[in-house]
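**Q** Quick one: structure below, then a few questions.
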Amino acid sequence: MTQRRSSQTPQTSTPGTATTSGPSADFGGGFAWGAWIRNTGAITAVVIGSGFATGQEILQFFAFHGLWGIIGTGIVVCVILGFVAAQLARAGYHQRFARPGQAYEFFAGRWLGLAFEWFALLFMFAVTIIMIAGADSLFVESFGWPPHVMGVIMTVLLVATVLMGLRRTVDIVGNIGPVIAVIAILLGIYGIAHNPSGIADSARFLADVDFEANEYGAVRAGSNWLVAGLLFASYNMLVLVNFVTAVGTESPQRKVAVASGASGGVLFALGAAVAGAGLLANLPQVWDKDIPMLEIAGLIAPWAQIIVAILIIFGVYTTAVPLLWSTVNQFAEDRTPRAVVLTLVFAALAMTFALFFDFRTLVNAIYTIGGWVGLIFMLILVAQTLVVQPIRNRRQKQHAQA
C-alpha cells in the first residue's frame, strides 16, 4: 500500500466533505484490486476474533435468538457495518488523521469525541484480553493443555507482529482474514446440511432454556434479535474505528478505501449469519459449550476439529494484533522506541487479566457494554453523514449561488 499516513496535520473539513488531497482522490482511472482485497481481508480479520471463530459470540448474539436471530440480526449487522465501515474508511482517506482515534472527534465533536476515543481505547484493550483468554480456553478445554500456556504463547506472537508496524500488520492479517471467514461459512453450511430440521426444532429447545438462571453458563446477549443486532454491530464498530480509518488513510484511492470498508463489513456479517445458522441447526449439541464451532467440526471428523482449532487461533491472532497496534498507536508513533515499550507493557497487562477471568463471562459483559456505547456513536455518525452534512452542503450551495 502507498504510505500516506504520517504526523501531518489532519484536514479540517466537516463530516461528509471530501477533500482533494491524496493520490487518486477522484473515482476515475483504474481500480487497485490488490489493495482492495488486502484491505477487505484485514478489516474482516480485525472483527473475527476468538468470539467469532470459537462460535461463542455468534451463539450469544445470533443463534440464541432463534431463526430471527439469524435473518434479522444478520440483515441489521450487514447494513450497519457495511455503511459505517465505508464512512470510516472514507474519513480516514480524506482527513489523514494524525492518529486514527481522531475519527471520533471528526464525527462527534471535540469533547464528546474525546470521551468516545478514550472509551474505545479501553474497549480495544478489553477485547485484546478476550482474545488471549479465548486462545487459552480453547487449548485447555479441547486439548488438555495446562492453563495459561497458550495465553503466553499468543501474547508473544502479538508483540512480535505489532512491532513490525502497520503496513506489515495489514499484509499479514489481510491474507488470513478471508480464509477464516470462508472456513467459518463452510462449517455453518455443513452444520445446516447435517441437521436441516434442527433450525425448525430450535424454537422448542430455546423455550426450555432458562437464560435468566444462567443455566450451564449459557448467556444470551440482548433482549431480542433487533437489540442483539444493534449491539453486535455497534461493538464491532468500536473495534473497527481506529483500524479502518488507518486503512483508509493508507489506501491508494478513495474508491478503494470506501469499497474496502463496505465489503469488509458485509463479508463479516454474512459469515456470522451463516455460521449462526449452522449452530442453530445443532443447538442441543453446542448451546452449553465454550467452543461451539469445535462441536460442529466434530460432526465431520476428529481431524476437522484440529483444523478448526488452528482456525480459531488465527482468528484470535488477526483480531488481537490490530487491536494491540491501535492501542499502542494512541500513545506512540509506529515503530519507535516508545512504541516498543508500550507494546510490551500493554501486552503483559492484557495477558495478566486474560488468564484470571472466565471466557464466556468476558465475552458477554465486555461486548454488551461496548455495544451500548458504540450504538450512541453510530447514531451520531449516521446522523452526521445522512442528515447534518447534506443540509450543510445544500445551504452552502444556495449561499454560493445567491
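Cβ coordinates are placed from backbone N, Cα and C, and glycine is handled just like the others.
So TrEMBL lists the following for this protein:
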{"type": "REGION", "residues": "1-25", "note": "region 'Disordered'"}
{"type": "TRANSMEM", "residues": "67-90", "note": "transmembrane segment"}
{"type": "TRANSMEM", "residues": "111-133", "note": "transmembrane segment"}
{"type": "TRANSMEM", "residues": "145-166", "note": "transmembrane segment"}
{"type": "TRANSMEM", "residues": "173-193", "note": "transmembrane segment"}
{"type": "TRANSMEM", "residues": "225-244", "note": "transmembrane segment"}
{"type": "TRANSMEM", "residues": "256-283", "note": "transmembrane segment"}
{"type": "TRANSMEM", "residues": "303-327", "note": "transmembrane segment"}
{"type": "TRANSMEM", "residues": "339-359", "note": "transmembrane segment"}
{"type": "TRANSMEM", "residues": "365-388", "note": "transmembrane segment"}
**Q** Please work out whether the transmembrane segment (145-166) lies in contact with the transmembrane segment (303-327), by counting C-beta pairs under 8 angstroms that are 6 or more apart in sequence and asking whether there are at least 3.
**A** yes
**Q** Report yes or no: does the transmembrane segment (225-244) come within contact of the transmembrane segment (67-90), defined as 3 or more CB pairs under 8 Å with a sequence separation of 6 or more?
**A** yes
**Q** Residues of the same chain, at least six outside the transmembrane segment (365-388), with any C-beta under 8 angstroms of its C-beta?
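**A** Residues packing against the transmembrane segment (365-388) from afar: 15-16, 51, 57, 61, 80, 83-84, 87-88, 104, 107-108, 112, 116, 119, 123, 126-127, 129-130, 221-222, 230-238.
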**Q** If contact means at least 3 Cβ pairs within less than 8 Å, sequence distance 6 or more, would you call the transmembrane segment (256-283) and the transmembrane segment (339-359) in contact?
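**A** Output no: the transmembrane segment (256-283) is apart from the transmembrane segment (339-359).
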**Q** Please give the sequence-distant neighbours of the transmembrane segment (339-359): residues at least 6 beyond its ends with Cβ less than 8 Å from one of its Cβ atoms.
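**A** Residues 50, 56, 125, 128-134, 136-137, 147-148, 151-152, 155, 158-159, 162-163, 290, 324, 327-329, 331-333.
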**Q** Using a threshold of three or more Cβ pairs below 8 Å, and leaving out pairs closer than 6 in sequence, do the transmembrane segment (111-133) and the transmembrane segment (303-327) count as in contact?
**A** yes
